[in-house]
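A quick write-up on the structure given underneath.
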Amino acid sequence: MTAFNSLFSLDKKRLKKLQRTLNTINSLKDQMATLSNEELQAKTTEFRKRLVNGETLDDICAEAFAVVREADKRVLGLFPYDVQVIGGLVLHQGNTAEMKTGEGKTLTATMPLYLNALEGKGAMLLTNNSYLAIRDAEEMGKVYRFLGLSVGVGVSDNEEEDRDAATKRAVYSSDIVYSTSSALGFDYLIDNLASSKSQKYMPKLHYAIVDEADAVLLDMAQTPLVISGSPRVQSNLYKIADELILSFEEQVDYYFDKEHQEVWIKNQGVREAERYFRIPHFYKQSNRELVRHLNLSLKAHKLFERGKDYVVDDGEIKLLDATNGRVLEGTKLQGGVHQAIEQKEHLNVTPESRAMASITYQNLFRMFTKLAGMTGTGKTAEKEFIEVYDMEVVRIPTNSPVRRIDYPDKIYTTLPEKIYATIEFVKQVHDTGQPILLVAGSVRMSELFSELLLLSGIPHSLLNAQSAVKEAQMIAEAGQKGAVTVATNMAGRGTDIKLGKGVSELGGLAVIGTERMKSQRMDLQLRGRSGRQGDIGFSQFFVSFEDDLMIESGPKWAQAYFRKNRDKVNPEKPKALGQRRFQKLFQQTQEASDGKGESARSQTIEFDSSVQLQREYVYRERNALINGESGHFSPRQIIDTVISSFIAYLDGEVEKEELIFEINRFIFDNMSYNLQGISKEMSLEEIKNYLFKIADEILREKHNLLGDSFGDFERTAALKAIDEAWIEEVDYLQQLRTVATARQTAQRNPVFEYHKEAYKSYNIMKKEIREQTFRNLLLSEVSFNENGDLQIYFI
């Protein structure tokens, strides 16, 4: 039995167990139907009482699902199918339900969300974009409110709206919250920058269902969510670095490996840089900023492609989501890469800002007590789901048989051949009136196909990053007779394509893929656009040896075949390669690409573990201070630790003749500007007591002035120190990762190098927090303004 078949054998066993619960739910159908609205609504109070009295969610699961099912029918006019109930049970168990496009994932989620919200700890559904979150909260929210639960929406249709803490607290205190993954991530980071209880709003992360789980939990897992703060000193090296890199010759001055997306300066390039800048030693410590900027410029030119990784819009670089081609509004690449791309495109170079806080989706979602996912394509990545999130992937049977035909790929030697063949095929299908969804792998390619269709006189809609606002509407209309829609991969996920009148008779929706994507899951998602709910349709992919997939992950023999045959073909007379070995080649290359993606995501987890441990430590200490609890940064403990450490330093490293100078310097830098005479004859114990006396006098004076506000002052002093040190640490760790990754070429383990340096930096950060808190407590000036508000001036 193959691994693929064994997965589905395992699914049968899982579904057999779920069938027993389904039978119980179905047996309650008539009973629920006889209840009045008031009696059905009263079930929510009953369930909550039963949970308080010791029953578990599993104990009330069948009855709760039956209640929601009946509520769905009364409120929405929709009664969940058996397969949707099974999907809901999978979600309640904290697993991923693989449900085909059009099978009703939105309705499926109502049952597990209601059940898990009954505990009063919150339940969330996280969608792919704000439009879907608002739409689903509005529609499904009617059911929850009917049953007495509150519903919050974590996003707004007004992108300019800046919600305050009170508004967000109201949202997150709701029984059920609809939001997006990115909104949740940024809210989490902002909440942990709060300096008082009144500014905090985020509850403990309890239960969440992630829509399009494979795209968010896997494909976007390496993308960090970053909150940027104060800018660095503006660099003038981007322009000069860009000028030099433009003069470099590939594989002579620098090495570029497209397959592994690696680029670095070779020895010849180093010599050119030394000659250009008139410096004797390129890698000397004093040249580190120059080296950094040259590497950034090299990355900007070779690793980031306009129309694929970003677009230029109104003089700004806007990043594209690799999974769907959408613009990532408000997102910038960190570490200077964004500025290097701006210089490459001859735009105004924006200030390079420091990262104040960051988190990856992986670490964000692993904080939930229970996590579930919905997707149309997750089965092939079940191993990774289990390893990273401890989530099984259960394939849910379709309510109606799938009637879509998936044709074998049409394979061509060159890109021009493939493009010509694709356009000719579109013409043939369009002549029949059958609607077409033509999917390109990048914004650049979608625009190219759009131009060629215009030249061919074929009217169509172009759906890519430039027109994301109309995305749902355009996708929804893509099934009308004669419609041709050109889209980027994954665009419109979450919106069904419904067939127009008479389209079934024409053969349903035709999905035409213009290249194999880097992951098999993406191709399956594209195919799944056609054939929803038993509709007829077909999918056909056109591929070539010049596609990104083959260039980046193809075997050497395939590259040799291309070089040998590329000049033998006529683009206007494309010839498809029919041999089985070529079909097998593209399948195996995609599997290799999937493996590389999984490996890269695994390395992200390894890298991010240091940041995660430090983040947890810092946030825990911040929350302890805000809540008035004692932590490692209790001001009283810090004074004792800092003074004791200084005395130990005097005892071990300072000569006797320098003793007075060191003590005075310590007092002046950390405690007071009023220096008093210190006798050379004082012992270290006497010096220690003397320093404690100074600290006690300063704090007593501030305590007398502040009275009941003294505790607020202590917390503020410590929080400010923590935040300053943590911002520096986050920024440093981001830079460190870039450096550590580069060390891989020097036969060093980049993860080991990173963790080693990160641990050193972590200890330095903790020491700096203690010392800065000490300074904040003693050197700060405090007073009350004319309104009676506490004012603190930190030196």
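Quick reminder: no glycine exception, Cβ is built from N, Cα and C everywhere.
Keep in mind that what you see is a predicted model, and the values were worked out from it rather than measured.
DSSP classifies Thr106 (ATP binding site) as helix under the three-state reduction. Look at Swiss-Prot and you will find Gln84, Gly102, Glu103, Gly104, Lys105, Thr106, Asp496 tagged as ATP binding site.
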**Fill in**
Out of the binding-site residues Gln84, Thr106, the residue with the smallest number of other Cβ atoms within 10 Å is Thr106
**Asked** When you average the Cβ positions of Gln84, Gly102, Glu103, Gly104, Lys105, Thr106, Asp496 for the ATP site, which other residues in that chain have a Cβ within 8 Å of that mean position?
**Response** Met99, Thr101, Leu107, Thr108
**Prompt:** Of all the binding-site residues given, Glu103, Asp496, which residue's CB has the most CB neighbours within 10 A?
**Reply:** Glu103
**Message:** Checking the spread of the ATP site as listed (Gln84, Gly102, Glu103, Gly104, Lys105, Thr106, Asp496): what is the longest Cα-Cα distance, in whole Å?
**Reply:** 16
**Prompt:** For the binding-site residues listed here, Gly102, Gly104, which shows the highest count of neighbouring CB atoms within 10 A?
**Reply:** Gly102
